[in-house]
Ligand SMILES: Cc1ncc(C[n+]2csc(CCOP(=O)(O)OP(=O)(O)O)c2C)c(N)n1
Ligand SMILES: CC(=O)[C@@H](O)[C@H](O)COP(=O)(O)O
Ligand SMILES: [Mg+2]
């Protein structure tokens, strides 16, 4: 039986031995390879399928890894990984100990820049190009591949603005498929749509040319003739260049082309039919994101001041539920976390109650806006911080483990975490009752723990915790949803009189009355959080103990001072010592 082309290819040097006429065959095989593995191992699908031809063309024509290729976000880089020495390992993608789902410098010399968060590629590639210039290297090519949603972000614009006044050897490739995770938004999207239909506009009234780039395109990103001809030409064009490529997200798998939102990361699917494997989830608790979305709709019905804001995670955060009910009161601002936060601040100055929902990891990008625009002016913005804690397979770039530490030090800001869906609802309810300060409510990725999550709203007094279990010797203090692991650990000790369990709920302000009682009643304290130990919840408890000269032993469980890679949430919690079993071991040391 004759071997496939892909079987012969371990690295781009092998690829470069192929004839141009063989590339479409390779593209077909590469697509099949990606589909077959992602169907069972899960991961990001649509984006990688969309850039198969572009990936092959880039490695075919450029001399990678000497020429530097930077992928933006990196969720589209599966083809790149497979063609750059990782084909045999690709089945381990995103699993514990396996390949990362994103380019990563420590994984391969072909991964020139670590990514996961969007809109960094132009800055990084420009930095590399300027470094080459300073080193006197005239030969090296520097290429950033960025999507239409990612290029609309502030960071990407900052980089274009800089690049346009340099003579750096930089090629920016815009992979325009008119969609991010959800359909792309904004005036730039409208402009790009017009350019696709009206080539004259691209030639005359061109926003990229105005920034001093040599613009070409739009070209068909699935057509090798067009791609190879244009990329070859651009190799010898000096200075900053911009190639506008049109592709279809999910290309080559019918369902992925037709349902681009779902097939961004579809979970398991049938590799032959392409259908997503339907799992009956009726008996399972809702996802936290849906409790947020549904609760916001209920609150917005009663309180006309409520609006919702998301930076490009309309589906992921379930803000789409508000959008479907009140389209005028829900804002998807694109990948623009900084803008989302300051937009919320502006709205709050005018008496609106903005619920700004942002993944914990992406809020990192808007840190100054949280401090300078919201907290400093004490504006009552409600931050609903989704994907807080370890998120699993997306890994180090996406774990939401820093927010407790980076928010707790900000004056005026209330920081809390619901233990379950009811508490999430009640905290959201409390937040729109005329609160005079900003509040951050953090909750995890995935499902909650309750079946009866929808009950009458009850306000929660700010800065109050609750006793879940009374003990005498060891007090376990948890913050938020990680309480479930503590409960499971303590249940294994039954009959238990020694171990108490308290959900502090608020890391700021702390429930000092409750803490005084705990420190008086127990000798040993164990704090548990799904966040960074340095500066986090446990540290807050330690500060309290020091301030009041308590001498109890305090053990802090949480995410240690290193980046945590990918794996299932359960595996990673085990690894860092916050799974039920690991918490139990820590408790037993004090018994
Ligand atoms: C700073 C940041 N915000 C949000 C995200 C979540 N995110 C990942 S991919 C994506 C959409 C990217 O769209 P685009 O750049 O058009 O690439 P495509 O998926 O179409 O290939 C978003 C919003 C992110 N990775 N980084
Ligand atoms: C690549 C990226 O940043 C997103 O696609 C992210 O993986 C979404 O995470 P959730 O699956 O938690 O929505
Ligand atoms: Mg796109």
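Note: Cβ is positioned from N, Cα and C throughout, glycine not excepted.
In TrEMBL this protein carries:
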type    : residues                              : note
BINDING : 75, 116, 117, 118, 149, 150, 177, 337 : thiamine diphosphate binding site
BINDING : 148, 177                              : Mg(2+) binding site
DOMAIN  : 286-451                               : domain 'Transketolase-like pyrimidine-binding'
Hits among 75, 148, 150, i.e. binding-site residues with CB under 6 Å from ligand 3, come out as 148
Cβ proximity for residue 337 (thiamine diphosphate binding site), under 8 A, sequence spacing 6+, ordered by residue number, returns 311, 358, 362, 363, 365, 366, 369
Binding-site residues near residue 148 (Mg(2+) binding site): from 75, 116, 117, 118, 177, Cα within 10 Å gives 177
Residue 148 (Mg(2+) binding site), Cβ-centred 10 Å count of other Cβ atoms over all protein chains shown, is 24
In three-state DSSP terms, residue 150 (thiamine diphosphate binding site) is classed as helix
CB neighbours within 10 A of residue 149 (thiamine diphosphate binding site), counting all protein chains shown, number 27
Binding-site residues 75, 117, 118, 148, 177, 337: those with Cβ under 6 Å from an atom of ligand 2 are 75
Taking every residue in the domain 'Transketolase-like pyrimidine-binding' (286-451), the average pLDDT works out to 98
